[in-house]
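A.B. asks: Below is a structure I'd like to ask you about.
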Amino acid sequence: MAVVLVHGLFSSNATWDNMTRLIAADRDLGRVRTALCDYPSPRFQLNPLRRIPDFYDLAESLRTFLRSDLAAYDHLFLVTHSQGGLVAQRMIARASAETDLLARIRGVMMIACPNDGSELALAMRKYAFFWRHPQERELRPFNRENKDARRVIQQYIARRNDDPVGSPRIPFSTYSGMSDNVVKGVSAWAEFGEIGAFPGDHSSVVRPQHAGERVYVALRGHLLKALAEVDLRAHPPASGPVPAQPGPGRSESRKPADDTSAPGLRPALSPADKAQVVNAILAVPGMLDPQFRSLVYGELPPALRQQQAGWGNAARPEIFGLLRLFEDHTSLDPWARFVGALEALRPDDPTVSQVRVAVTRFRLLGPAGSER
């Protein structure tokens, strides 16, 4: 999966230096590649042979970038800063009929996006009346084109599931900077369902200094959730247990090694299968926090708690170790206790439902919540 980073007005790809460094160093995001979508946004253009591109140019440039430069990636996640969010919305609205492109976009995270305009931009216009900038014009409050694009975007947010007849659903989340005096929270949040706020002003909000800063923790959670959804789409859960079929040259009376008809026996998970389960678990809000994981582990049988205590590893290696521990102690019903703890701590959370789907698919947990 590629995470596409789109900067804002008067900015450049340098906006994302800290973010790209943290993503590259994150072992849990080893399957994610960063892609910087640059575009010209100068304050002035004095060359009479050149012009400053407007939003329609920028939207088309982003669409071409996704289709051409990132053609090898089946899954994309867009992260935008400031006017970059408006550019992404304009692109998606204009490409509403291109379902093949939109189906690749697993989500959009907008940070400090002036959805309802920027009052500071309006003040700049008032006191610099001689200034003509096509991108600044789009940042004024009550911009009709931005509102029209957002109306189209709502079609993707409103539906909970993909519509096989219409366009794919694209989940949006939008965040403000707590000290941002350029784009206020009410403008950044607009009419989007998933909203939030991060410490920082308009510039620093997208420049985390370490992996523990809230903006990076939120982005990391979105990416892990998207990866888990990609895995579940690639391997949808079966409607019921599939009986083992004899292969060529194999008699009916001989059972395969991974047959689970006998009590206590389960197929061994491949590394890819384990990765799917781990990704689903890590997508649950809080699972990256050691204290939250301790609450979950507290619901495990005492024998498992004693062996698990004091691991103190990073989240992904720790969960992989937990899978091995569960494999060695299936008689203690570990998966039922583990999933039950998640459901108690995060009731009605869709990511917890995805964990249940993942472990049920691999016949680690029965549909009713009891282990097979």
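Just so it is clear, glycine is given a Cβ too, placed from its N, Cα and C backbone atoms.
Nobody curates TrEMBL annotations by hand; they come from automatic prediction.
Dumping what TrEMBL says about this protein:
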DOMAIN    3-144  domain 'AB hydrolase-1'
DOMAIN    278-358  domain 'Effector-associated'
REGION    234-269  region 'Disordered'
A.B. asks: Where does the mean pLDDT land for the domain 'Effector-associated' (278-358)?
C.D. replies: 83
A.B. asks: Give the residue counts of the domain 'Effector-associated' (278-358) per reduced DSSP state, in the order helix, strand, coil.
C.D. replies: 58 helix, 0 strand, 23 coil
